[in-house]
Each structure stands twice: as C-alpha cells, then as structure tokens.
There are 2 protein chains.
Amino acid sequence: MTVGDLGEFGVVNRITGRLPQGAAVMLGPGDDAAVVAAPDGRVVVSTDLLLEGRHFRRDWSGGYDVGRKAAAQNLADVAAMGAVPTSIVVGLGIPADLPLTWLDELTDGFRDECAVVGASVAGGDVTRCDQVVIGVSALGDLKGRAPVLRSGARPGHVVAVTGRLGYAAAGWAVLEEGLAVGSPALEEVVAAHRRPSPPYSMGPQAAELGAGAMLDVSDGLLQDLGHVAEASGVRIELDPEAFAVAEPVAVAAKEVGADPLEWVLTGGEDHALAAVFPSEVSLPASWQVVGHVVEGAGVVVRGREVGRRGWDHFE
Amino acid sequence: MTVGDLGEFGVVNRITGRLPQGAAVMLGPGDDAAVVAAPDGRVVVSTDLLLEGRHFRRDWSGGYDVGRKAAAQNLADVAAMGAVPTSIVVGLGIPADLPLTWLDELTDGFRDECAVVGASVAGGDVTRCDQVVIGVSALGDLKGRAPVLRSGARPGHVVAVTGRLGYAAAGWAVLEEGLAVGSPALEEVVAAHRRPSPPYSMGPQAAELGAGAMLDVSDGLLQDLGHVAEASGVRIELDPEAFAVAEPVAVAAKEVGADPLEWVLTGGEDHALAAVFPSEVSLPASWQVVGHVVEGAGVVVRGREVGRRGWDHFE
C-alpha cells in the first residue's frame, strides 16, 4: 500500500491515529489550527525544513530515524533557549508512491522523539511532493524564566558543552566511504548520524544554573560558537586538550583516516548544547568545560584563529 | 545577484533586515528560537507547506504574491479559530540560482501580509533546494475566548460565509486557458489567484457573535463544509440561489465557458470563512447566509447530495 492508495484524508487519518496527545495540547489535529498551552504567557517557537537528498537519504535512513531526527533538531532549538518543548507541528510533502509503512515509521519517529521530552504532535499539513519534504515547528515553555540568548557571553565566562560531538560527522563519513558497519563503534556513529540524541533536559538546567548564553550545535561547534562570539561581542578561546574524543568517534576516525578532533570541532547534526557560565557556577559532570570567554572577537583554538568552518547551505 | 552569491548567512541577514517586528514578538530572528507573547496562556498554531510547481508557479506568480499567499493561508487558519494572528515562522528552501530580487519580493510579501493583521515574521530557517519550498507556521491569540471548532454545528444553526468565493478558481482557469488578461474583471480574478484576501477580522468577530463552528475555505466550500458536517454529526443544506456570484467571477466563467457556481461551491484558495450561527444572532452585512444545519449527515445543495468535490492532494 502506498500513500496514493489512501488519498489525502486517509493519509491524515492514518497519521493522526498514531499520535497520542500530551497534556500541553489543548486542541490537537483535526481543525484549522491546534491550541497549545503557554502557561507563562509566552511561547518559544522554532522552525526547520528537512529535505530528502539534502538532509537525509531514504537509502541511508528509515522513516523512523528521519522522523526522530526531524523532531529532534527542532526540540533541541527550543531546549537551547532554556525552555521545555511542549509540541511540534509538521508540514509534510510526500510522493504518492511512498509506502505506507515508511509513513507510519516516520509518524512513529515524530511521536517517540516528542515523547522523550513529554511533547506531542499537535497538528500538521500533508501535501504531495516528488520527494519527501518535512517542515517542523516546535513550541516550548520557558516556565517563567528569561530565554537564554546567544548574546549574553561575557569575558570571564567559561564555555561548556554537553551531549555528543563528532558522532554524526563520523557516521556520515562511514556511510559516505561505504565502510562495512560491523563493529559496535561504527554502528554507534552511524546510528548517531541517523538519529541524534540531544541532551534536552540540560537546556532548562543550564538556564537554572545561570547560563549567560547557549545554543544548539547544529552546524559545527566552531561555527556555532562563532555566532555566540559575534552576538555577544566577545572572543571565545577553546582548549583542544579539553575535548575528550569519544571512543566510537576515535575508532571511526582511524577507519576512515580522518582527524577525530576535526569532527568534534566542525561536525554538525549531533545537537549538543554549548553554553557559557559565570566562572563561579559549579557545573554538574554532564557539562564539559572546553574554553573561556575573553575580550575581543571570533573563536580561537589553542591560540590559532579559525574560520567559520562548518556547514554553509549555499557553499 | 543570486542567493548562491550571498551564502547562507548573507541570505539570512538580507531576509531579516527587511522584517520589522510587531509588538507580540518578544524575541525575533537571530537565535535558536523566537519568543512570542501568548497573553491568555494559550497559543493557536497552524502550519502549511507550499511547493513550487504544485501550489504556485514562478512563471505565473512573482515572489511578492507567493509570499503574501503563503502567509495568508496560514493567517486565515488562525483567524478561522476566532483568534488574532500574532506571528509566523518560515522554513524556506531555495535554489542557489534564485535571483535576490525574487527573494526580496518574497520576504516583502510575508511582511506585508502579516502587517494586514498586525503580525510579523518572528523567525525562520533557510536551506538550499532545487525548487522553492515554503513551510509557514502561524501563531495566534484567542484573547480569552474559546476556539471556534469544526464540531460545534447544531440543527437550527444558519450557515454563513464571508470573503471571496470562486475568485481564485476563476483566475486559475483564466491562466490555464492562456486567455489574454485585458479586462478589469479578468485582471481581478487572476490577481485573486495570485494573492488571496482572507477576511481575517471576521474570524474573531464571528467568535464574538457566538459562532458555533467555523473554518477557512481552502479546498472548496462543499468539501470544507463536509468537514464541519462530519465533525459535528449534522447535515448542511445550502441554497444555491443564496450565493451572489461576484461580477468578476461571472465574467471569467463566460469567457472560459464554465459554470460560475461550480467555482463558488468547489473552488479553493480564496480563504473565505464559513461559519454557523444560532438563528437568533443578528449577522452584520459582511456575512452572507447561504444555508442551514439540520439533523443528518453530509452536505446537500438544493436537495441534491454532493460528493466531496474539491481538492484532494493525492487524487
């Protein structure tokens, strides 16, 4: 069975039938719009577009992983403001010959990634497209706190990261090289490329701890910290020795013949969080201090200025 | 100059530089997410995907009209809940060879359509795509009122419409037939195809008047009222004599050799509003009573049952 066999309303019913609604969703799918709780009188909103062939490949990733990834990258943006995600809405472009099993897996991926943070899919739109196109917007609740911006880094702050770095880049390289994925390490990085595991709860935690600035590492740590440096009018100095390269990333680098630190510093799509904190804040072990903020501009690694390396969508 | 000449960050800066922020936007573009006011502790959210070649053609519509249309169809969904739109976020897929003038016009279209309702573009995402893809999500404020759902139609209610019906279908037919657009009437329907003019303020007005159900006519009046009939468990009877076919639609129908009432009843994309009201409500002249609600199921026109005619995206 394909999407075309069911027709638009059949597809919508099939999708919504698989989606339980969380507590924050006051009115779910089925009307012109959804209604979501925004308890403190504000709502955080983020949006992203994922395109087949550019952000995922159906021969590399199943529907379930694509759904989880699409939800994850938006939920991570909300967490990076210090907010708790409440819901997502999804605009879906799909080919008529798309197997229904793939659509079901995609839907389940949205559902399960949302469930990680207690959110749900509040609404959406389905249209026909030659390739799979996914537009996700995520909403979140700041719980009375101020949002943590990119512009709040000040000299004297320490720079810390939490979550995976370099995993998705390693997994992409393994797939690109066509390596046999036999070992647990290679399996782990390939799985990480297919499906990120953002450290969602660390976002609100960082806000509670008094983070001065925070963002989601989506285009690569150096490039993303460049945004913090620019928005804050400061210089960020990173200590390459401070990065503990994770074992699976190191193994994959050896197999591919790449520099694992390059992946850690410039690889995107893991959706780690990077934040700066006043130096007196006592950070939980989940945060790894990797540098500090000084007067000046740009991002430097061990005294060497680096360009904006990462992912420019029009290069 | 094209999009590719500027690069991703140049494009983002160019877009955001053209976008003033409205009062409801507490934090606009430039961070991981935006923050929008939701004064009564709830937020209305709607999303739609517009694809080049399917929802618009660059040889038929300029960037400005596409931007206005993309914003309009989402803002109309929010209005159809009885809410006042506060902001939109936009996910944009664009080719590297897209002229910057087209992108500027698109941006100005988003901006100006939002300005009609006092909303603004709070954030977005830009990525590269072979064709133009636009994902819009709109947020709105219910101002303390209950949302007006599709499920609240009851026997005894009158059915009323406000806004244009049949204009966009007429304009599409004129373009499809390749007719010379010389007369004011043909110009008007073609302009309506390119850029809808939803009766936004009538949404909150209907809610204030006590509308039992309401929706945005996006796929055609018969099909859309079918959703109301189904969600409410009622039958909707329309009186075809009650529809005043607008002069430009009548003129276009004569030129094309079509039935104008067919366009009025089944044409989508004008984003009129259809609502049901208790019969004792005294409706302003902007609402045209076109039928009533009875016990039963489905939608009938002058005693004849009609199928779900309109636009099925997978037919």
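Cβ coordinates are placed from backbone N, Cα and C, and glycine is handled just like the others.
Within 10 Å of the C-beta of B:ASP77 (Mg(2+) 4 binding site) we count 32 further C-beta atoms, all protein chains included. TrEMBL lists B:ASP32, B:SER46, B:ASP77 with the feature Mg(2+) 4 binding site.
The Mg(2+) 1 binding site feature in TrEMBL is assigned to B:THR47, B:ASP48, B:ASP125. DSSP classifies B:ASP125 (Mg(2+) 1 binding site) as strand under the three-state reduction.
Counting every protein chain shown, 23 other Cβ atoms lie within 10 Å of the Cβ of B:ASP48 (Mg(2+) 1 binding site). The feature Mg(2+) 2 binding site is assigned by TrEMBL to B:ASP48, B:ASP77.
The annotation substrate binding site is assigned in TrEMBL to B:HIS55, B:GLU269, B:TRP311. Sequence-distant neighbours of B:HIS55 (substrate binding site): residues of the same chain at least 6 apart with a C-beta under 8 Å from its C-beta are B:LYS69. Following the DSSP three-state reduction, the secondary structure of B:HIS55 (substrate binding site) is coil.
Annotated ATP binding site per TrEMBL: B:GLY124, B:ASP125, B:ARG150, B:SER218, in sequence order. Within 10 Å of the C-beta of B:ARG150 (ATP binding site) we count 22 further C-beta atoms, all protein chains included.
Following the DSSP three-state reduction, the secondary structure of B:ASP219 (Mg(2+) 5 binding site) is coil. Sequence annotations record features per position, and here TrEMBL assigns Mg(2+) 5 binding site to B:ASP219.
Sorting each residue of the domain 'PurM-like N-terminal' (B:30-140) by its DSSP state yields 34 helix, 45 strand, 32 coil. As annotated by TrEMBL, domain 'PurM-like N-terminal' applies to B:30-140.
Among the features that TrEMBL reports, domain 'PurM-like C-terminal' is placed at B:154-301.
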When each of the binding-site residues B:ASP32, B:GLU269 is scored by other CB atoms within 10 A, the minimum falls on B:GLU269
Residues among the binding-site residues B:ASP48, B:ASP219, B:GLU269 lying close to chain A by Cβ (under 8 Å) are B:ASP48
Rounded Cα distance in angstrom between B:SER46 (Mg(2+) 4 binding site) and B:SER218 (ATP binding site) is 13
One residue among the binding-site residues B:SER46, B:THR47, B:SER218 has the fewest other C-beta atoms within 10 A of its C-beta, namely B:SER218
The correct DSSP tally for the domain 'PurM-like C-terminal' (B:154-301) reads 61 helix, 31 strand, 56 coil
On the domain 'PurM-like C-terminal' (B:154-301), the mean of the pLDDT values is 94
